[in-house]
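Feature annotations, reproduced from Swiss-Prot:
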- 6-88: domain 'Phosphagen kinase N-terminal' (DOMAIN)
- G61, V62, G63, I64, Y65, E222, C269, E311: substrate binding site (BINDING)
- 116-353: domain 'Phosphagen kinase C-terminal' (DOMAIN)
- 119-123, H182, R226, 278-282, 306-311: ATP binding site (BINDING)
Amino acid sequence: MLAMASVEELWAKLDGAADCKSLLKNNLTKERYEALKDKKTKFGGTLADCIRSGCLNLDSGVGIYACDPDAYTVFADVLDAVIKEYHKVPELKHPEPEMGDLDKLNFGDLDPSGEYIVSTRVRVGRSHDSYGFPPVLTKQERLKMEEDTKAAFEKFSGELAGKYFPLEGMSKEDQKQMTEDHFLFKDDDRFLRDAGGYNDWCSGRGIFFNTAKNFLVWVNEEDHLRLISMQKGGDLAAVYKRLVVAINTMTASGLSFAKRDGLGYLTFCPSNLGTALRASVHMKIPNLAASPEFKSFCDNLNIQARGIHGEHTESVGGVYDLSNKRRLGLTEYQAVEEMRVGVEACLAKEKELAAAKK
């Protein structure tokens with residue numbers, strides 16, 4: 001039963017997997033393993049907690065999670081190497097957070113005609129600095145964290161005011177409605193499961209959303225908090241402002257979020273840290289998507305294009321999810337700006353290709 005395997009058993013499985021191409025396999029050398037295998041974080045986390053999922057799922061892309069915020073210090077030898085490779089940065093020099101001046105944003109509605117952009121969404125991940133991540137969290141700690149979070153939700157006012165729905169004991173009607181709204185999160189990811197992400201499911205987990213349903217927070221899904229602002233159309237400014245006001249409100253309520261110098265905001269998976277921000281649009285680009293240069297066009301703009309139902313899904317009706325690729329090494333405002341520039345370039349190219357067909 002490898003689910004409870006020792007660090008030695010996990011290492012043996014990883015070390016013997018010649019075909020494994022994960023970042024964990026690439027960066028956890030024998031020397032690093034020997035230096036880290038007996039260390040513990042202040043939350044009681046171990047190397048085994050960090051690498052379990054990547055050793056059980058040898059087809060992982062990343063293969064390593066941080067067991068808690070302190071893991072980024074205690075296991076920095078391997079985590080820093082993984083972070084540099086994943087985020088394609090030579091050194092870890094993430095700037096201080098900078099959301100920009102909300103009264104002087106460099107963007108507004110990216111598609112006033114409403115012809116191309118179906119919807120716009122910006123989300124961030126945040127972690128409480130006083131709690132561990134899923135592998136080390138007890139059920140009691142998760143429930144206490146949920147209470148701390150709910151107290152912060154009470155501070156939301158105006159358009160952010162809403163209601164919190166715990167997953168545990170949720171009525172069938174609420175479940176059905178949230179599934180239809182695409183708000184509900186599930187426990188069906190094997191990588192996350194083996195990392196401890198679904199321990200004590202579904203206790204201490206829930207969803208907050210405002211009355212207009214254009215702002216929501218996932219509590220204890222993968223990260224402690226995922227704050228999501230979204231709406232139909234292309235008004236990036238409105239979506240971004242709503243999110244920033246929500247983040248500032250939660251911080252002002254007394255919540256303290258985990259950060260580390262050079263890494264920015266810390267998340268369970270090292271692929272999300274830094275700004276921990278993903279800004280995206282669902283956009284109709286059938287002509288651009290059909291062109292052979294589509295991928296390189298997006299790559300040159302630091303834009304990730306994927307199907308509207310998430311990673312590794314196909315487009316539906318020429319609609320693609322376009323988002324900022326970079327999370328680390330730039331400010332929040334710069335990340336959103338980079339997405340804005342990329343989306344506008346895709347929009348211009350789509351119009352040009354459509355006109356050429358006439």
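Even glycines carry a Cβ here, placed using N, Cα and C.
Keep in mind that what you see is a predicted model, and the values were worked out from it rather than measured.
Y65 (substrate binding site) and S119 (ATP binding site) have their C-alpha atoms 31 Å apart, to the nearest angstrom. DSSP labels the residues of the domain 'Phosphagen kinase N-terminal' (6-88) in these numbers: 47 helix, 2 strand, 34 coil. Separation of the C-alpha atoms of G61 (substrate binding site) and R306 (ATP binding site): 17 Å, rounded to the nearest whole number.
The Cβ of V62 (substrate binding site) has 18 neighbouring Cβ atoms from other residues within 10 Å, across all protein chains displayed.
With respect to I64 (substrate binding site), the closest of these binding-site residues in Cα terms is R226, chosen from V122, R226, S280.
Calculated from their C-alpha atoms, the gap between V62 (substrate binding site) and S280 (ATP binding site) amounts to 22 Å.
Within the same chain, residues at least six positions away from G63 (substrate binding site) with a Cβ under 8 Å of its Cβ are C20, S22, L23, L24, K25, I51, S53, G54, C55, N57. Counting other C-beta atoms within 10 Å of each candidate's C-beta, the binding-site residues R226, R306 are led by R226. For the binding-site residues I64, V122, C269, the largest tally of other C-beta atoms within 10 A is found at I64. Distances between the Cα of C269 (substrate binding site) and those of the binding-site residues S119, V122, R226, S280 are shortest for R226. Counting every protein chain shown, the number of other Cβ atoms lying within 10 Å of the Cβ of G61 (substrate binding site) is 14. Summarised as a single figure, the pLDDT of the domain 'Phosphagen kinase C-terminal' (116-353) averages 95. Cα of R306 (ATP binding site) to Cα of E222 (substrate binding site): a distance of 21 Å.
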